[in-house]
Amino acid sequence: MNRELEYMFVERARVWIPDAEEVWKSAELTKDYKNGDASLQLMLEDGTNIEHNLDPKTKNLPYLRNPDILVGENDLTALSYLHEPAVLHNLKVRFMDSKLIYTYCGIVLVAINPYEPLQIYGADIINAYSGQNMGDMDPHIFAVAEEAYKQMARDERNQSIIVSGESGAGKTVSAKYAMRYFATVSGSASEANVEEKVLASNPIMEAIGNAKTTRNDNSSRFGKYIEIGFDNRYRIIGANMRTYLLEKSRVVFQADEERNYHVFYQLCASSHLPEFKILRLSSANDFLYTRQGRSPVIDGVDDTKELCTTRNAFTLLGINESYQMGLFQVLAAILHLGNVEIKDRDSDSSIIAPNNSHLTAFCELVGVTYQDMSQWLCHRKLKTANETYIKTLPRLQATNNRDALSKHIYAKLFNWIVGHVNKALITNFKQHSFIGVLDIYGFETFETNSFEQFCINYANEKLQQQFNMHVFKLEQEEYMKEQIPWTLIDFYDNQPCINLIEAKMGILDLLDEECKMPRGSDDTWAQKLYNTHLKTCSLFEKPRMSNRAFIIQHFADKVEYQCDGFLEKNKDTVNEEQINVLKASKFDLLVELFQDEEKAISPTGQVAGTGGRTRLSIKPDKGRETSSKEHKKTVGCQFRNSLQMLMGTLNATTPHYVRCIKPNDFKLGFTFDPKRAVQQLRACGVLETIRISAAGFPSRWTYQEFFSRYRVLMKQKDVLQDKKLTCRNVLEKLVEDQDKYQFGKTKIFFRAGQVAYLEKLRADKLRVACIRIQKTIRCWLARKKYLRKRSAAITIQRFTRGYQARCLAKFMRRTQAATTIQKYQRMCMERKRYRQKQAAALAMQTILRGYIARLKYQALVREYKVVIIQKIVRGWLARCWYKRCLYSIVYLQCCFRRMKARRQLKKLKIEARSVEHFKKLNKGMENKIMQLQRKIDAQSKDNLLVIEKLNSQEAVSSAEKEKMRTELNRLRGVDEEAKTKTKQVSSLQEELERLRKELSTTQQEKKTIEDWAQTYRSEMEKMVSELKDQNGLLKKEKDDLNRSIQEQSQQMTEKMVRVIAEQTQQLETDLNEERSRYQNLLTEHRRIEEKYDDLKERTLASNASKPGHRRTDSTHSSNESEYTYNSEYAELEEGSRAAEDVTRGIDTSLTLKLQKRLTELEQEKQSLRNELENKEDQFQRARARDDVEFKKARGAELEYESLKRQELESENKKLKHNLSEMRQSLLGNASTNSGAPGSPAYKVLLDQLNSSCEELDVRKEEVLILRSQLVSQKEAMHHKETMTEPSVYVEDVSKLKDADEIKQAYVGLKDTNRLLEHQLQTQRRGHDNEVEVLRGELQNVKEENNRQQQLLAQNLQLPPEARIEASLQHEITRLTNENLELMADDPTASREARVIILRRMVDLMEQLEKQDRTIRKLKKQLKVYSKRIGEMGAGQTEGQTSPGQMVDEPIHPVNIPRREKDFQGMLEYKKEDELKLVKNLILELKPRGVAVNLIPGLPAYVLFMCLRHADYVNDDQKVRTLLTSTINSIKKILKKRGDDFETVSFWLSNTCRFLHCLKQYSGDEAFMKHNTSRQNEHTLSNFDLAEYRQVISDLAIQIYQQLIKCMENILQPMIVSAMLEHETIQGVSGVKPTGLRKRTSSIADEGTYTLDSILRQLSAFHSTMCQHGTDPELIKQVVKQQFYIIGAVTLNNLLLRKDMCSWSKGMQIRYNVSQLEEWLRDKGLMTCGAKETLEPLIQAAQLLQVKKKTDEDAEAITSMCLALTTAQIVKVLNLYTPVNEFEERVSVSFIRTIQTRLRDRCESPQLLMDTKMIYPVTFPFNPSSLALETIQIPGSLNLGFLTRV
């Protein structure tokens, strides 16, 4: 123990400490506790640090808190620490956070009043809890009711549900819902609607027994015990109610903010109604008894509507209107009596003023005299031994007498109503068992407690004692079952308190004794109590400051009772003379109120106590006293006796406990006051239950659960094959103290706190493992994150560098481009500038050059002249100089040459003189000569070049001279021109001056114009810019408008598409709803049929002994009566007689309602008859004008028709006569015509003639048939236009027995009146046309006859093979002529005739081919025969013919062939074989053999082929009886074997096939599109079976619904186990500690189902339907319905099971759904819509797994969960429960956020999905390609009596 303490009370451990405001407050240890510490260091939830001192004497440590995963558990016994703060906290968390008002506490259901309406009591919730084990679903009042119902059926033991609690805690509502559950799940054993009556008793009892108090707006002021009786099939057959301690004082007094009983205010609120005028009532504020509480109105309650509900309940229970008005008279009289004012006459007497209006009203209402009542209200008769005298009463006593009389009358009225309610709930069936519902007051303690509180607390003491004994009994049974040593547990025994109250000389005995004393008073009684019990009983105390009160220590608390009024209330005395006055009343009901109970008369005419009702055998007191003596019994004595009877009843039953808790005193919704709650928990015994449970072994685990949960605490070596031994070994290691646990046979029992200790060990182990896993995973995640970051950094760097390089390259490209642009720009600018300069320079050069040229010219002229002068002068000077120079040069040359020659001569002379010298000179002379020679050659070349240059220079100079000469001539011309121009210069200068002036003027004007132009340009540019801006704005606006128009058009388009889609969806929804509504009506119709059949069988069984009583099968089906004809009226009458026999057994209340309804219908029928007679008179007057003309026209037409018929008959006789004469002549001439081929030729001719006659008859029959069809079609068209013929109306009006039929007949007569004239005219024209047609046909027949005779004569001359071709050619020619005639007459008719002709030609061609094949076959056979005959020639007689004749002989008898009658796909049967057909084909047919061995739908084909033959022979009776028998037989076999899926599937397939055949061969073009030509020939020709198609379609719908129900019954037990409970993925889900309810299931475990079980079952369904040939579309609808059932049941259980709402369970569900989808994929059914039906379940599973913390999570949830309703989403979030401590709960704020986001959703507030919903089924037309003529009927069907036609 010390080890556990040291281990549990450590730092961060959480504990509970007492608190004055919150009762218990949570805190956390900040320091480990060590043994011997005097205090604990704690930190509160708000962060405050405190020191909690321990009790120095006991050293008791504070209570430990349970682990978070155990908080909010469904069962308080699942908590590891069982103590008051844990219970209170668990209830608060469930109530405030999860909005759950129900919680189990062992065998007790704790119900907290939410003070808000909750959607958890609908039929869907009832269906969800029906059949479930109590621990499998979340706590609910329905679970307790189901447990009681189930134990009653299983254990054959009566049950009781004990509902207790304070006023306002919700006891009445809980009891009401329990009864509603029984009424819903059990149904009724008769047609008297007993379950409705049981529920109808609630508004009656609430009206007369409930009132508004300060604590509750609808508080029950009496206790009641309702026994609901059941038969041996556990269906409700009746009920009985007992009441206890009605609070009569409320009739005359109400405290502030309280009201009297509801019925008084309902009457006052309805006083304006005409039937209540006689009551003389007004507002509730006008009456003393209803205005004392000053709160006459309850918010949200309409008293007028409540009275209507009460009156309807009275009517349903058989209390008729007269008795109801009598009750209301008595109630109104009580109100008037309370307003009677009694005045003082003197101090000892009082008086009532004469003619008091209220007393007068009271006397008139109750039928007594004013004088008697006014006298005995103020007087009293006293009797002594010798005399009697009358004593006056003072005003106070008279007022008390008046109030006592009011209370007494109301109490009598209350008991009378209860008695008659009980009589109405009694039925004639024998009661097998019952369930009692006890709605009784809880423990009460107020500031002032009186006699009522004393009785209430006395009753609660008895109930608490019974509860304690039952708890111990269950505990002892559990311990003994598990073979655990049973040790007595110390508990609070309240037997001493009960003895104090009821034992001899107890409080009640002393009270009764004091009441018998003549002068007994409350004071003397109090003194007796003090003297008797004050010293002897520790539970009895006396208050310190009072001598008129006493204190009793009850099991819940001490209560101080005030003695004032105890004696008066216990006596409950009423003035006997007042009672006698009332008994003498003329008002029968009032007299009946005061009669003995045995003599009371039932308002329904029944005698009380009839029927076979069996009560619980409780022995009453011997010698039952009379009513007078009973009246003298005290209230305490009566209450003690009734309480003893109640306890005896409860002890003889199995009790179930419901404790209702009031969470606050202010009626605030979902507001929890811990103080008030803990007071009630202590008072109702819940905490005592917890204490008893905690004293033993409250925590109990199976060995498998323990192993699964705490497997983590075991080592591998500890795990053995025997799990029980494994658990034992592990526990011995984990828990040292063996007293902390015990090992049972199947479970391990733990002391309180041990589970928490094990959970802490498990959590620590998991935490260590989680830390290790987290460490490893975080390392891996960190490394992975680092590598990812490194890779990301490298990638970022690479991309960044690339980006930078690209930016650099881009910059360089831009720079280069900019440079290039600048270069070219600058070049352009420079070129432009250069060109400008060049132009300017050129202009300047031009001017300058012109000026220079002129100057140069002038200089040239002068120079020229000077040159001429110079030339002449220089020429003369040059010549002179030349001459002088030439003379001087010559002279010098001469002188020089002379000198040189003298010198040379001198040298030569010297050389000549010297030879040496001569040799020197000659030395090298040759070389020099050669050199000189080369020089000479070079010089010569140079000379030649110079000469050439000179020549070229001469040429150039000559050309230049020529050019100069030409220029000179030109200049001379120019000079001459200049001279002439000089003359013009002056004129030009003048002109130039004038032009300059004009130029200056023009320039000024130009400047002005340029300025104006510049201004204008600037203005224009400005205007253009503005216009451009405006244009831009306009363009922008235009673009915006275009864009907006486009957006609007797109939006409009989308909106239209959306609207169209919504409308389409709405239409589809409406269509589906209409289909669903219609199919639900069919279901209800089928249910009523079954109920009617059961009732009929029961009636037959009860009347089996009566001679001559017999019931036919004609009444087995109501559909048959709807679709039968007049021939079955006898059967219907017999059925109605049987129904009357059954009706005699129905409850009288139902008879009264039916009589009332019949009276209303008769009145309505009479009014409609009167109206019909008036309309008929008007119609007859309107028709009178046309009768004469109609009769005349009709007579003429009849005469004409008779003449025409006579002509046809005579003509026919003539033709027959001619034919007979021809036949006789041919036979007579047979012997005379010797040249003929012989007698065989005559026979051939005769056969051909006979065949032609037969063909003619056939043609006539065809003409007649066609005419009859035309006439029938025409009549049908007239029938559709006029709805019906007048004759039909005349016949049917006499048979109409219902107002609706009369109304329809009247409408038909009006239609006939309007269309009569048109019909007569149409008939007249039709008759004329028919006469003309018949004449033409007669002429055609004559001509046809002549042609046939000619054809016969011609054919006789032809060989046999040519005869056939000639006949065919003639037939084709005839048809062509007919075609041409029809085309000429009527194009439309010609088209139809062409179709007919083509068909006939096809038939003729087919016939020709057949005949050719026949001929070839006969020829082969003939050759064979001829060979045989040749071989047998010796045996031939003399008269035989030759082989050649034998060959030709078979050809001779060939006649004109008729069309072969092949098998037409019909089956013929005799009428007497119809029962045999139905028996062999439907009733005794085994689907398995047919499905395996024969074609699918064979019975449907056989039935249709039989129907075709009946249609072919035009036998309407046969058609009708066959269809009726078929429908009834299918219904019969389905009723007999409706639970067999194979049978239902087989007949669904065959019914659909039969329906398709009726459509395919109906002749309707819409159904004949896919038919072959041969199938089109097999269409029905005489009857339109559209109505029967509807009947068969309805039958198919019923079979489909039965198939769905059959599948649902098979799948229902599998779904929850397979989809939720079974762990498909092993090891994911964890097992949490379970409570008592989960451990003690009311039904033994029937075996678990897995998901494979569902998949196998689905596959079996699918394969069976495929074998039976069910339509693929129908299979898809069936699969869709199957998946809807699976999804709905799974989701509903998920929403009602807190233990299933976890993350791991969401994973399991999603895996299971994926397996279902895989099955759909394998079967090719993904498009059938089945997957969509699982969408709510998928989203719920996703909701369990998604994060549920932030606003982003809330947004994700709202966008994800579109298939779930808001209630479902919030419910899943509220139920979400962590399996381990590592999971987090959903916070309340997050749930509020979800609710806020989903507030705008428009959806149903329904929580659960409707598992009974069936999608509307459709039967798409599926034609068969199977030819009817090819169907073979096997002999195994025993249908040999059918004949193929």
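Note that Cβ sites are derived from N, Cα and C of the backbone, with glycine treated the same way.
Here is what TrEMBL says about this protein:
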- GLY165, GLU166, SER167, GLY168, ALA169, GLY170, LYS171, THR172: ATP binding site (BINDING)
- 915-942: coiled coil (COILED)
- 1151-1225: coiled coil (COILED)
- 1324-1358: coiled coil (COILED)
- 1401-1428: coiled coil (COILED)
- 618-629: compositional bias 'Basic and acidic residues' (COMPBIAS)
- 10-62: domain 'Myosin N-terminal SH3-like' (DOMAIN)
- 71-763: domain 'Myosin motor' (DOMAIN)
- 1524-1800: domain 'Dilute' (DOMAIN)
- 603-631: region 'Disordered' (REGION)
- 643-665: region 'Actin-binding' (REGION)
- 1093-1125: region 'Disordered' (REGION)
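Shown here: features listed in TrEMBL, placed on the structure.
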{"residue": "GLY165", "record": "ATP binding site", "Cβ neighbours (10 Å)": "27"}
{"residue": "GLU166", "record": "ATP binding site", "Cβ neighbours (10 Å)": "25"}
{"residue": "SER167", "record": "ATP binding site", "Cβ neighbours (10 Å)": "21"}
{"residue": "GLY168", "record": "ATP binding site", "Cβ neighbours (10 Å)": "21"}
{"residue": "ALA169", "record": "ATP binding site", "Cβ neighbours (10 Å)": "26"}
{"residue": "GLY170", "record": "ATP binding site", "Cβ neighbours (10 Å)": "25"}
{"residue": "LYS171", "record": "ATP binding site", "Cβ neighbours (10 Å)": "27"}
{"residue": "THR172", "record": "ATP binding site", "Cβ neighbours (10 Å)": "23"}
Residues lining the ATP site besides GLY165, GLU166, SER167, GLY168, ALA169, GLY170, LYS171, THR172 (CB within 8 A of their CB center) are ASN113, ARG215, ASN216, SER219, SER220, GLY442, CYS660, LYS662
Predicted model, mean pLDDT over the domain 'Dilute' (1524-1800): 86
